[in-house]
Amino acid sequence: MQFDYIIIGAGSAGNVLATRLTEDPNTTVLLLEAGGPDYRFDFRTQMPAALAFPLQGKRYNWAYETEPEPFMNNRRMECGRGKGLGGSSLINGMCYIRGNALDLDNWAQEPGLENWSYLDCLPYYRKAETRDVGENDYHGGDGPVSVITSKPGVNPLFEAMIEAGMQAGYPRTDDLNGYQQEGFGPMDRTVTPHGRRASTSRGYLDQAKSRPNLTIRTHAMTDHIIFDGKRAVGVEWLEGDSTIPTRAAANKEVLLCAGAIASPQILQRSGVGNAELLAEFDIPLVHELPGVGENLQDHLEMYLQYECKEPVSLYPALQWWNQPRIGAEWLFGGTGVGASNHFEAGGFIRSREEFAWPNIQYHFLPVAINYNGSNAVKEHGFQCHVGSMRSPSRGHVRIKSRDPHQHPGILFNYMSHEQDWQEFRDAIRITREIMHQPALDQYRGREISPGVECQTDEQLDEFVRNHAETAFHPCGTCKMGYDEMAVVDGEGRVHGLEGLRVVDASIMPQIITGNLNATTIMIGEKIADMIRGKEALPRSTAGYFVANGMTVRAKK
């Protein structure tokens, strides 16, 4: 089998590349996905309100686990990643947050990455998006990804929480992806107008999969990339339960889009990475790149949960006797409780003036429950998910064997810097202050978690050690740049090799301020133009907010 391009991973970026490259009818593409199809009849992945279900099983989730995290009381922590057409866009929380403009301007400070500034990237965010309330300088109107924004009147808790943030002195913003990210406001979400999850499989692959020049193989577990000297010339994979490898040749390039956990794994198994690690497993060295699998970053978050004094939370939706009606309303009408992920409000703040742009993110949820659906509080409640955005902690991903089915060693080194502890203490105390504003007086009951007895630095730190969880945003393990730990250049091309790119969240040099999916899709769009030799979209001229030393919040 021969193709112009072989794409490994049909996820948030891989599906973008498959769709854009096959727009040229003379270009042939093989798309390999280790998981299965995104079954449209499976409510677990298609119903926004069911977002916790895929994280509870292994059909759509790699369900990785970290090594014992040394600063988190040696907990082994969850590291869910999407498996199936759509990748993590098939199982994520559907929050469409691009990050802060200054995140990208910060990337562009690195020599060789100058064209990754916010204004260079904004046209690609817009190209990918169709927003339900119409296009403008910041939002697209005819892209493959359906984005809906929260409307007033969904649940009184959302407006009360935004109002409470303002009463605490923080700004309101009507668009967390627009001129000003900083502040509290409605959340954009990747949901279709018919109340279905808008994964990249639905948005991109649906328009491309019938093209004769695109071949899609599911249940295809990539073993390694085949090299001829320093040139990537093909891929070898295992299909289904078979132990006999299948091969295909790439006439032009191999495009690795397997995500921040699997992409470095595949490079290491293919002989690209730290020479000492590869020698441990008798893997012939193709090219030494010590940065492969290093620079691992994530967002850590925790929940502050409160009893709700009025019966306006989603607690009744968790009762089994209400779920058939909710399911029917969603299935036949695309409406009701099932048609939302219920992260309809959130915000970004600076906890201290020394941060040039927001370092704390909020997601508001009108029910008290863990992200993966466990430990639901058996009463009306609500919660804030809160976490720091740009932790200095760094971890790694390293293979444990040559077997592609064996999970790698993953260590995030969560909370390994004093800055981490300071940010989380600040975040808990600020959140409590917001929760005690007048706007929430009629709703706020007792604090369920952490509980009012948890007050000192030592008590807060212990709560974080025991209860903080991943926000499922790993990135950075094949970072873009030109220093000695960089893996790819500014076009995703692997240093020192030919015919091989990495295009996914692993190439982010530094994690962004917000959820990763929108930016991963943007990366796919931007590098697709580079691969095709197309001129980059014209740089945007839109303005954007820079705090520039402004006070963190208005004085009361």
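Heads up, residue numbers simply count up from 1 along the chain you see.
A Cβ is built for glycine as well, from the same backbone N, Cα and C atoms used for every other residue.
The annotation FAD binding site is assigned in Swiss-Prot to 4-33 on the grounds of sequence analysis. Annotation source Swiss-Prot lists active site, proton acceptor at HIS473.
Sequence features annotated in Swiss-Prot and their locations in the structure.
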| residue | record | CB count, 10 Å |
| --- | --- | --- |
| ASP4 | FAD binding site | 17 |
| ILE8 | FAD binding site | 26 |
| SER12 | FAD binding site | 32 |
| VAL16 | FAD binding site | 32 |
| ARG20 | FAD binding site | 23 |
| ASP24 | FAD binding site | 12 |
| THR28 | FAD binding site | 22 |
| LEU32 | FAD binding site | 25 |
| HIS473 | active site, proton acceptor | 23 |
Out of ASP4, ILE8, LEU32, point to the one nearest HIS473 (active site, proton acceptor) in space (Cα versus Cα); all of them are binding-site residues in the record.
ILE8
What does DSSP say about ASP24 (FAD binding site): helix, strand or coil?
coil
